[in-house]
Amino acid sequence: MTTPEWTPSSWRQFPAKQQAPYPDEKALKQAHDKLKTLPGLVSVREIEDLKTQLADVADGKRFLLQGGDCAERFQDCQPALIEKKLKIMIQMSLVLIWGARMPTVRVARMAGQFAKPRSSDTEMLDGERVTSFRGENINGYEKDQRTPDPNRLLEGYFHSAATLNYGRVLVSSGFADIHDAGGREVLQRGTDFLWIGDRTRQLDHAHIEYFRGIENPIGIKVGPSMAVDDLVPLIRKLWKDPEANPGKITLITRYGCDKVSDLLPKHIAAVKAAGLKVIWSCDPCHGNTIVAENGYKTRPFDRIFGELEQTLEIHREAGSALGGVHFELTGENVTECIGGPQGIDEGDLPLRYTSYCDPRLNYSQSMEVAFLLAKNLSVHHELAPLNEKSKNRKRSMDISDPSKRLRAEK
């Protein structure tokens with residue numbers, strides 16, 4: 001069966017999961033029409049720069065660090081909070097530079113993390129069943145704000161633009177020149193890096209149809225529900241020319257500490273057998289979420305780092321390499337994940353639990369995991385073949401570039 005020609009709107013002919021139930025279709029169309037007239041949030045040059053750096057990650061010359069909030073809030077678009085988010089990413093990356101013995105590529109979960117997929121369309125709030133909170137791009141967190149409002153899509157755009165512009169000022173990256181990509185290449189300019197979650201990766205659905213035609217770097221979340229036989233066909237559908245576009249696909253594994261040793265080797269073997277040179281990244285947060293006895297969602301620090309440790313060792317034994325990490329974190333002193341250097345326990349969770357969605361590593365926990373990861377990367381570097389160690393030793397001298405660039409994503 002031949003694949004139909006792709007266009008930027010061909011996804012509309014496919015089933016689409018995780019769609020908000022907007023009551024006013026006319027208002028939704030007006031919001032969409034307005035968004036079409038607004039400039040892209042990132043430039044073509046920024047996307048192309050990231051593609052080049054991710055090709056280096058795929059080739060083992062750089063290490064990928066992704067991190068940020070599970071769900072951003074409009075109210076957090078303010079200088080002090082943006083500075084904290086960028087600060088923790090920069091500090092973590094500097095630690096990882098010396099552990100990985102190579103430059104880092106930083107990709108922030110910010111300036112667009114305003115919409116979230118949910119496992120149910122409704123939830124209980126104050127004893128009443130209401131529409132699930134899907135992020136402030138869709139509806140509000142308070143009970144009387146749960147009706148999806150298309151005007152929030154425009155609010156999300158302008159908050160993203162403000163965050164991006166302030167972030168660019170902070171890291172002194174400047175504004176890239178806007179130019180036409182030319183040819184048939186289509187870039188999604190609302191962000192430079194996108195990823196597909198576990199709930200929206202059906203081959204015959206709208207999300208994959210849209211993603212298969214854009215040239216941006218793409219991440220794929222790989223968890224326990226990903227059948228081994230499904231992974232390679234999914235990669236191939238999204239990656240038209242692996243030889244010409246190295247580093248386009250990042251597989252972000254998120255199994256959970258108890259499942260990684262069983263599942264990751266099978267997925268690595270399938271990808272290696274297909275001859276695909278992907279970037280392997282580890283998200284040790286999502287698979288280790290639990291509900292505490294007091295009802296708070298949390299993540300144990302020891303399970304988070306436990307999954308990271310196992311992932312590193314599994315890649316080494318398989319002749320593969322962990323190319324990056326992906327965290328939900330904040331630069332604030334919240335109490336959302338238990339354990340870590342401060343010894344946070346379940347009784348501490350109500351003290352400073354501010355997340356609108358999933359629990360995040362706080363500043364101290366984020367730095368601790370960076371130091372522990374750097375130590376483990378250093379050990380694995382010493383276990384690498386001699387010729388590879390020699391190459392990496394030369395690469396480790398070039399650390400100026402990664403400290404001057406911070407990526408923004410949705």
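Just so it is clear, glycine is given a Cβ too, placed from its N, Cα and C backbone atoms.
TrEMBL annotations: computationally assigned, not manually curated.
TrEMBL assigns the feature region 'Disordered' to residues 1-23, out of the candidate ranges 1-23, 185-207, 323-345. TrEMBL lists C70, E328, D358 as Mn(2+)-binding residues, and of the candidates H32, H286, H315 the one it assigns to that same site is H286. C70 (Mn(2+) binding site) sits 14 Å from R254 (phosphoenolpyruvate binding site), counting Cα to Cα. DSSP classifies K221 (phosphoenolpyruvate binding site) as strand under the three-state reduction. Each residue of the region 'Disordered' (1-23) gets a DSSP state, and the totals for helix, strand and coil are 4 helix, 0 strand, 19 coil. Cα-Cα distance from H286 (Mn(2+) binding site) to R254 (phosphoenolpyruvate binding site): 6 Å (rounded to the nearest whole number). Across the binding-site residues listed here (R109, K221), the residue whose Cβ sits among the most other Cβ atoms within 10 Å is R109. Apart from the site residues R109, K221, R254, the chain places the Cβ of Q66, W195, G197, G219, I252, D283, C285, H286, H326 no farther than 8 Å from the centroid of the site's Cβ atoms, the recorded phosphoenolpyruvate location.
DSSP assigns E328 (Mn(2+) binding site) to a strand.
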